[in-house]
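Undergrad: Here's a structure for you.
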């Protein structure tokens, strides 16, 4: 009887671990948004090499060069607040996008035409624009930067 209970408990443990394990170490959409788009310090954003450094540092040049990316130089709370501002339709047709009511300080990074992996070379453009972001989850948080206008 004791051996049977142990086997059942062991089987349940294996089942639970098999269910939980795949999500361990997987980056959430909210964490990916922060990694790819948030740079509150923006220490060298005015430098022409800012995008080259940040794209590499944030793992967006592993295996290929990400063609376009935007870094936001505002507090995370300000970006999260966009999720309760003006709702708009996302580029993919979904209805979970929101447009910031004011402009935010951003840096656009665009892959130069002649650039090829592994030598990813980006142009750096500093500007003030409104952001359109997709929000999801509970709590409702940014998960995708859809556009800047």
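For all residues, glycine too, the Cβ spot is worked out from N, Cα and C.
Sharing the feature lines straight out of Swiss-Prot:
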- 37: active site, proton acceptor (ACT_SITE)
- 144: active site, proton donor (ACT_SITE)
- 32, 35, 66, 67, 68, 69, 70, 91, 110: substrate binding site (BINDING)
- 51-109: disulfide bond (DISULFID)
- 65-120: disulfide bond (DISULFID)
- 83-135: disulfide bond (DISULFID)
- 90-97: disulfide bond (DISULFID)
- 1-25: signal peptide (SIGNAL)
Undergrad: Given the recorded positions 68, 70, 90, 144, find the one whose Cα is closest in space to the Cα of residue 37 (active site, proton acceptor).
TA: 70
Undergrad: Tell me, how many other CB atoms lie within 10 A of the CB of residue 37 (active site, proton acceptor), whichever protein chain they belong to?
TA: 19
Undergrad: Would you please pick out, from the disulfide-bonded residues 65, 83, 90, 97, 120, the one with the fewest other Cβ atoms within 10 Å of its Cβ?
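TA: Taking 65, 83, 90, 97, 120 as the disulfide-bonded residues, the minimal 10 Å Cβ count falls on 90.
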Undergrad: Sequence order is fine: just name those binding-site residues in 32, 66, 68, 70 with a Cα within 10 angstroms of residue 135 (disulfide bond).
TA: none
Undergrad: Determine the minimum-neighbour residue: among 68, 109, 135, listed as recorded positions, which Cβ has the fewest other Cβ atoms within 10 angstroms?
TA: 68
Undergrad: If you measure from the C-alpha of residue 51 (disulfide bond), which of the recorded positions 32, 65, 70, 90, 110, 144 fall inside 10 Å?
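TA: Among 32, 65, 70, 90, 110, 144, the ones whose Cα sits within 10 Å of that of residue 51 (disulfide bond) are 70, 110.
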Undergrad: Restricting the comparison to the recorded positions 32, 66, 68, 109, 110, which residue's C-alpha is spatially nearest the C-alpha of residue 144 (active site, proton donor)?
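TA: The smallest Cα gap between residue 144 (active site, proton donor) and any of the recorded positions is with 32.
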Undergrad: Of the residues named as substrate binders, 32, 35, 66, 67, 68, 69, 70, 91, 110, how far apart in Å are the Cα atoms of the most distant pair?
TA: 22
